[in-house]
Amino acid sequence: MLEQLKETVFKANLYLPKYQLVTFTWGNVSGIDREKGLVVIKPSGVEYFEMKSKDMVVVDLEGNIVEGDLKPSSDTPTHLALYRAFDKVGGIVHTHSVWATAWAQAGKEIPAYGTTHADYFHGTIPCTRPMTETEILGDYEKETGNVIVETFRNKDPMSIPGVLVHSHAPFVWGKDPMEAVHHAVVLEEVAKMAQKTLSISERTLPMDSVLLDRHFYRKHGQAAYYGQEKR
């Protein structure tokens, strides 16, 4: 079942240690088949280099295991909440990458200071509010997804494909699992650049909005011209 998606999700998970986004098993990638309403996700607590594509777990959008011998990631309810809310998202990544997680632990959003940021994120990368005691002690992972959805109530998740969960770490997404990993790598680099920028000048202001728009829309707008035409 969903063998091609399993292989894609498996390979996407292996990029997390390759790009130094995870330590031990501190992260996961998932992908969704929208037509079937099924999600493929990394198994919980399994080392990346011990996994096979057949170890990926298939669940429905309510979290029921449809196929797989292993338990799905403990973050599965968060992924599912995002898939239910963001209908254009096709892949999700969660990591504890050092620089992005540092911003999350500080409870700080990441302003757009330069064009590297603007090429992928159309504005500030938000940080969620702190979760309440009731949310933490209740259905914690599902509530983590809900607080992310709340944060994007007036934002386009495809224009800002990532978030920092307060006191936790980043969740990032894309149109498919590989794009989600790409965005996770970019988020980590942007977080590092932002912190280094502030270490040079703590009074640095966000970049000019005209420049922000130019860089974002040249890659993602209707008249985008960056890269090669698809044939």
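Every residue, even glycine, has its Cβ placed from backbone N, Cα and C.
The following features are taken from Swiss-Prot:
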{"type": "ACT_SITE", "residues": "Asp119", "note": "active site, proton donor/acceptor"}
{"type": "ACT_SITE", "residues": "Tyr226", "note": "active site, proton donor/acceptor"}
{"type": "BINDING", "residues": "Gly27, Asn28, Ser44, Gly45, Ser73, Ser74", "note": "substrate binding site"}
{"type": "BINDING", "residues": "Asp75, His94, His96, His168", "note": "Zn(2+) binding site"}
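Distribution of Swiss-Prot features across the structure.
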residue : record                             : CB count, 10 Å
Asn28   : substrate binding site             : 27
Ser44   : substrate binding site             : 15
Gly45   : substrate binding site             : 11
Ser73   : substrate binding site             : 25
Ser74   : substrate binding site             : 12
Asp75   : Zn(2+) binding site                : 21
His94   : Zn(2+) binding site                : 29
Asp119  : active site, proton donor/acceptor : 17
His168  : Zn(2+) binding site                : 19
Tyr226  : active site, proton donor/acceptor : 11
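DSSP assigns Tyr226 (active site, proton donor/acceptor) to coil in the three-state reduction, placing it in neither a helix nor a strand.
Looking only at other Cβ atoms within 10 Å, the busiest spot among the binding-site residues Gly27, His96 turns out to be Gly27. Between the CA atoms of Gly45 (substrate binding site) and Tyr226 (active site, proton donor/acceptor) there is a gap of 39 Å, rounded to the nearest whole number. Note: the Cα of Tyr226 (active site, proton donor/acceptor) and the Cα of Gly27 (substrate binding site) are spaced 31 Å from each other.
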